[in-house]
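Below you will find the structure I want to go over with you.
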Amino acid sequence: MAQRIFTLILLLCSTSVFAGLFDAPGRSQFVPVDQAFAFDFQQNQHDLNLTWQIKDGYYLYRKQIRITPEHAKIADVQLPQGVWHEDEFYGKSEIYRDRLTLPVTINQASAGATLTVTYQGCADAGFCYPPETKTVPLSEVVANNAASQPVSVPQQEQPTAQLPFSALWALLIGIGIAFTPCVLPMYPLISGIVLGGKQRLSTARALLLTFIYVQGMALTYTALGLVVAAAGLQFQAALQHPYVLIGLTIVFTLLAMSMFGLLTLQLPSSLQTRLTLMSNRQQGGSPGGVFIMGTIAGLICSPCTTAPLSAILLYIAQSGNMWLGGGTLYLYALGMGLPLMLITVFGNRLLPKSGPWMEQVKTAFGFVILALPVFLLERVIGDVWGLRLWSALGVAFFGWAFITSLQAKRGWMRVVQIILLAAALVSVRPLQDWAFGATHTAQTQTHLNFTQIKTVDELNQALVEAKGKPVMLDLYADWCVACKEFEKYTFSDPQVQKALADTVLLQANVTANDAQDVALLKHLNVLGLPTILFFDGQGQEHPQARVTGFMDAETFSAHLRDRQP
């Protein structure tokens with residue numbers, strides 16, 4: 001019995017040993033594309049569901065999903081919102097993980113109609129697949145007017161849009177708006193109206209009435225926030241379109257110009273007059289009348305409040321978040337009401353004296369609003385140009401603040417001026433690098449000199465012309481993030497270049513993914529990119545030396561040493 005157990009253990013160990021002997025050390029750790037993104041479809045008359053089961057550690061690009069009908073007509077396809085993914089070279093992109101279900105409405109399909117579905121994805125470990133195309137056969141569908149409406153796509157774990165400010169900023173903005181020239185001088189008058197002209201109210205009573213007034217104003221703003229957030233939720237996909245983002249950028253820029261005094265934005269004077277008359281008919285000093293006065297006051301926008309309020313509303317529309325929408329506008333109204341409550345309780349002695357500084361506060365808010373166009377444009381133009389826009393905005397703001405501070409006479413302002421000047425110098429650095437190209441020239445001096453090939457025949461010819469030298473073939477594509485990382489961090493390393501000094505360097509750019517590219521990848525049995533192949537002097541590949549996925553310079557140098565005989 002003991003002998004049998006010993007024999008069984010020996011067989012199991014031998015099996016694992018032999019498996020290890022024949023297991024290629026260079027075998028890819030990544031699965032084929034159909035396992036990474038298991039695609040399936042199901043049609044029921046006009047309704048077609050496309051599904052992707054996405055393997056853990058992999059993701060699909062939202063912008064790379066394309067659907068093209070052949071001999072069929074489909075409704076507009078609305079892709080659900082994904083989650084944001086960011087990398088160094090392509091900036092922010094929306095991706096899908098775990099599972100994606102995409103409903104498609106088929107308005108009409110002839111016999112033999114098909115749907116061509118193209119998609120592309122990557123692995124978190126630094127490996128990207130070429131664009132994959134699937135052909136979906138369609139059952140014949142007769143045109144039906146009821147099916148012509150676009151499908152409402154369920155939002156799969158809809159994330160909150162990543163916006164640059166928290167709702168708490170709205171409170172600070174509201175307080176800041178209170179010190180603009182259109183608002184601050186009105187507070188004593190508003191305080192008198194709220195109290196109904198009664199001078200001998202107790203402090204608690206005066207504070208209560210003012211608080212009720214502020215809550216009425218906050219109710220109006222909160223309702224605006226909820227409505228705009230609900231509208232933004234319905235049109236969330238459209239709000240992410242580049243043309244819409246550019247349009248919003250123009251609107252925000254115009255709002256900022258109004259804060260600089262170049263434009264004037266406010267409600268029509270006739271409408272403001274009607275709202276003011278309605279407010280004046282309310283009885284001051286009573287809770288009900290004060291609340292209605294505050295509600296109406298929230299609709300009366302002065303030139304100083306129109307631009308910030310519009311900016312916050314558009315900001316909320318971008319989020320599509322109901323809680324954020326209502327909460328942000330409530331805090332904004334509360335911020336505007338805090339100075340009024342203080343004045344009502346403590347009197348005008350707390351008010352700072354009016355002067356040019358109020359115009360400077362208004363101008364400063366113009367720069368705050370200008371930050372939103374930069375944030376929106378960053379999604380369209382990428383992080384590189386986005387950084388340059390942030391740099392330009394920083395230089396403009398700190399430069400303006402420095403010039404404005406020169407009018408101050410107090411000694412401690414000299415310290416502030418030095419800080420502002422230093423901040424402007426730091427902000428200008430990205431623009432300086434762009435203008436003089438310092439970083440670019442440093443990088444271009446260290447690239448490897450690859451010979452480009454395109455087809456299988458060109459590869460075979462290059463292997464023959466190597467004349468006994470070892471050959472390295474780098475498969476590259478513009479859509480491959482890790483390929484760019486190889487270029488920037490690995491191939492630029494002096495140790496890597498030294499190790500490849502006696503190696504013939506070939507590169508195949510398969511960005512187009514055309515028939516020749518597909519044939520080359522199939523011939524070499526390549527799943528995705530980056531993939532680097534090594535051939536000996538006789539033109540035979542060493543499969544165990546194949547590299548799939550990104551390697552840093554140190555790891556790649558060690559890999560090159562290990563492959564040497």
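Just so it is clear, glycine is given a Cβ too, placed from its N, Cα and C backbone atoms.
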Do the topological domains in Swiss-Prot put MET322 and GLY382 on a single side of the membrane?
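Yes, Swiss-Prot places MET322 and GLY382 on the same side of the membrane.
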Looking at Swiss-Prot, which one of CYS304, CYS480 makes a disulfide with CYS483?
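Disulfide partner per Swiss-Prot record: CYS480.
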CYS128 forms a disulfide with which residue in Swiss-Prot, given the options CYS122, CYS182?
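Swiss-Prot says the disulfide from CYS128 goes to CYS122.
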Would you list the DSSP helix, strand and coil counts for the residues of the topological domain 'Periplasmic' (439-565)?
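So the counts come to 55 helix, 24 strand, 48 coil.
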Please count the residues of the topological domain 'Cytoplasmic' (405-417) that DSSP assigns to helix (H, G, I), strand (E, B) and coil.
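Per DSSP, the residues of the topological domain 'Cytoplasmic' (405-417) fall into 6 helix, 0 strand, 7 coil.
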To the nearest Å, how far is the Cα of CYS122 (disulfide bond) from the Cα of CYS480 (disulfide bond)?
8
Are the transmembrane segment (243-263) and the transmembrane segment (357-377) close enough that 3 or more Cβ pairs fall under 8 Å, when only pairs 6 or more apart in sequence count?
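Yes, the transmembrane segment (357-377) contacts the transmembrane segment (243-263).
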Taking a Cβ cut-off under 8 Å, which residues six or more beyond the ends of the topological domain 'Cytoplasmic' (405-417) line up next to it in the same chain?
none
Across all the protein chains here, work out how many other Cβ atoms are within 10 Å of the Cβ of CYS128 (disulfide bond).
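Here the count is 21.
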Could you round the CA separation between CYS480 (disulfide bond) and CYS128 (disulfide bond) to a whole angstrom and send it over?
6
How many neighbouring Cβ atoms, not counting its own, are there within 10 Å of the Cβ of CYS483 (disulfide bond)?
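Taking every protein chain into account, the count is 26.
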